[in-house]
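Student: As listed in TrEMBL for this protein:
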- 13-179: domain 'Reelin' (DOMAIN)
- 216-332: domain 'DOMON' (DOMAIN)
- 336-535: domain 'Cytochrome b561' (DOMAIN)
- 1-22: signal peptide (SIGNAL)
- 376-396: transmembrane segment (TRANSMEM)
- 417-436: transmembrane segment (TRANSMEM)
- 448-467: transmembrane segment (TRANSMEM)
- 479-502: transmembrane segment (TRANSMEM)
- 514-532: transmembrane segment (TRANSMEM)
- 570-590: transmembrane segment (TRANSMEM)
Amino acid sequence: MAAPEFTVSALVFVLLICSVAGYPSGKVVMSCGGMIPQHGHRPQSEPVHQITVSQMKFKPGDQIQVTLSGPQFRGFLLEARDAEDLSGPPVGSFTLIDSEVSQLLTCEDVQGSAVSHTSPSKKTEIKVYWNAPSSAPNHIQFLVTVVEKYKIYWVKIPSHIISQPNAPTFTTPKATTQPMTTSPSVSQLTKPFSASECGNKKFCVRSPLNCDPESEPACVFLSFTRDDQTVMVEMSGPSEGYLSFAFSHDGWMGDDDAYLCIREDQTVYIRPSYLTGRSYPVMESTRGTLEDMAWRLVDGVIQCSFRRNITLPGVKNRFVLNESYYIFLAEGAAHDGRIFRHLKQPLITYEKYDVTGTPKNVGGSRSSPLLKAHGALMFVAWMTTVSIGVLVARFFRSVWSKAFFLGEAVWFQVHRILMLATSVLTCIAFVMPFVYRGGWSRHAGYHPYLGCTVMTLAVLQPLLATFRPPLHDPRRQVFNWTHWSVGTAARIIAVAAMFLGMDLPGLNLPSPQKTYAMMGFVVWHIGTEVLLEIHAYRLSRKVEILDDDRIQILQSLTVAEAEGHVFKKVVLVIYICGNMIFLVIFLSAINQV
């Protein structure tokens with residue numbers, strides 16, 4: 001387990017280093033219009049950086065040097081605009097002076113119409129050339145957004161205005177006066193949430209089902225209480241970073257209405273956001289969206305609440321609340337106000353619900369029923385049927401040698417039934433992840449590759465068995481070795497696939513118990529095989545050292561074989577009971593996620 005934990009820690013560390021800007025690579029084309037970083041924080045009011053130009057007059061075709069300078073910063077976005085219409089599109093194009101620290105962007109389908117950073121390294125000065133187009137307006141003003149770190153940035157710092165010769169005197173456009181809207185009030189909660197009214201006045205989603213956030217810190221809790229045309233939302237759960245929930249039209253992340261409670265130092269920020277696919281959520285302002293916001297931090301538990309109107313006419317990306325949706329609950333790491341991808345699969349309700357309708361008390365699962373069934377069938381096949389079938393074929397030929405159905409020995413019939421069951425269960429389980437994902441999963445690592453290999457071998461093995469040569473055929477030895485090699489390879493790869501599959505968030509089995517249980521099963525099976533091998537060896541030695549009297553040999557052999565058969569049967573019964581225990585452990589764990 002040390003290796004996975006180290007990998008996760010290293011990943012988080014790298015992400016923390018890169019968290020100084022939402023897009024450390026500078027690919028911020030989506031911010032070209034408003035020039036506002038999607039950081040979820042308010043921009044600074046007083047700029048400390050400045051833009052200077054090499055000349056105050058220009059004519060079409062001129063190349064003007066533009067310099068951004070000031071205290072150390074990490075990210076920036078520079079554009080030229082028509083000074084009489086600063087909300088319009090970028091004007092002209094830029095030429096780089098140092099391509100190691102700056103890069104060209106294509107905004108409004110104009111190549112090179114903006115410049116941004118190439119990395120989050122610290123810098124104090126950027127120089128570029130601006131190329132005046134033939135259709136340039138009379139007056140140009142440069143605007144720059146500067147990011148010092150994730151939550152400290154300045155938006156649209158202006159330069160002095162440069163003008164064409166003989167252009168009319170520039171007059172500052174009158175600003176459109178808009179009434180100032182006060183920020184929604186935020187307070188601190190004085191006591192934890194209670195689940196006493198769940199199913200009565202509150203619509204609640206809880207994990208574990210029926211837990212109470214008032215007395216159980218590990219309880220993941222989300223409630224909705226309707227009050228006329230508004231809904232009061234309460235959310236609680238253990239997290240050192242953030243808690244979030246989302247309304248979704250389907251069981252997949254993407255195009256969802258989401259709300260996050262993000263911890264930053266000893267404060268919690270509440271932010272509505274919008275999810276597009278599996279990308280970083282687009283943070284939006286709470287103004288006009290959320291009211292009565294409050295939060296509480298205690299013993300690693302984040303609690304936050306807010307009120308929202310059922311309908312928000314004119315507000316983009318916010319769903320109406322009196323319709324049915326799947327509800328997602330997720331938590332993850334956060335640093336400096338920036339959130340990171342959740343390491344655990346989100347809790348998703350089993351069906352769609354209208355949170356403004358009849359109050360209910362519901363639960364959810366962090367794993368799809370299809371993925372649960374996939375895991376359960378694979379555990380049954382490769383921990384039970386195949387392992388018992390292998391022991392029967394290897395050690396019970398002399399025990400169950402009598403002819404049975406179609407003249408075949410009992411051991412062979414048992415072996416064949418168990419192996420065919422393994423192949424059938426594997427085939428059924430194999431298609432389930434593809435149905436769930438709608439195709440190949442790019443986020444499952446090596447597990448699907450190993451799974452495909454196991455599937456191929458599981459189908460190949462019974463096909464090879466149909467061409468088994470007769471007992472005394474010269475090719476029988478080749479078949480035996482091929483049959484053994486393919487079967488052994490399938491078992492080893494299947495165990496490796498199960499180890500990797502247990503770590504996937506889609507199954508979300510408890511760690512590190514899952515690894516210890518799987519290791520226990522492997523040791524249990526190998527130990528049983530070793531024990532039976534030792535017993536078979538001791539039995540053969542016992543027969544060899546008997547007296548040379550043929551009658552005594554035959555009598556002793558019969559007794560020794562009878563004792564050996566009893567021993568093998570007892571070991572098999574104990575082994576099957578042990579297998580059932582391991583299987584129940586895994587199936588119970590799958591059922592609980």
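Every residue gets a Cβ built from N, Cα and C, even glycine.
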Student: Hey, which of 376-396, 417-436, 448-467, 514-532, 570-590 has the most Cβ-Cβ pairs under 8 Å against the transmembrane segment (479-502)?
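Tutor: Per the Cβ count, the answer is 448-467.
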Student: Apart from its near flanks, which chain residues at least 6 from the ends of the transmembrane segment (417-436) lie with a Cβ under 8 angstroms of it?
Tutor: 368, 370-371, 373-374, 377-378, 380-382, 385-386, 388-389, 392, 444, 448, 451, 454-455, 458-459, 461-462, 465
Student: Do any residues, 6 or more residues outside the transmembrane segment (570-590), come within under 8 Å Cβ-to-Cβ of it, and if so which ones?
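Tutor: Distal contacts: 367, 372, 375-376, 379-380, 383-384, 387-388, 391-392, 396, 507, 509-510, 513-514, 517, 520-521, 524-525, 528, 531-532, 535.
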Student: Residues sitting near the transmembrane segment (514-532): Cβ under 8 Å, six or more positions beyond its termini, same chain?
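Tutor: Long-range Cβ neighbours of the transmembrane segment (514-532): 1, 383, 387, 391, 394-395, 495, 498-499, 502, 568, 571, 575, 578-579, 582, 585-586, 589.
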Student: Counting by DSSP, what is the helix, strand and coil composition of the domain 'DOMON' (216-332)?
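Tutor: Result for the domain 'DOMON' (216-332), in helix, strand, coil order: 0 helix, 70 strand, 47 coil.
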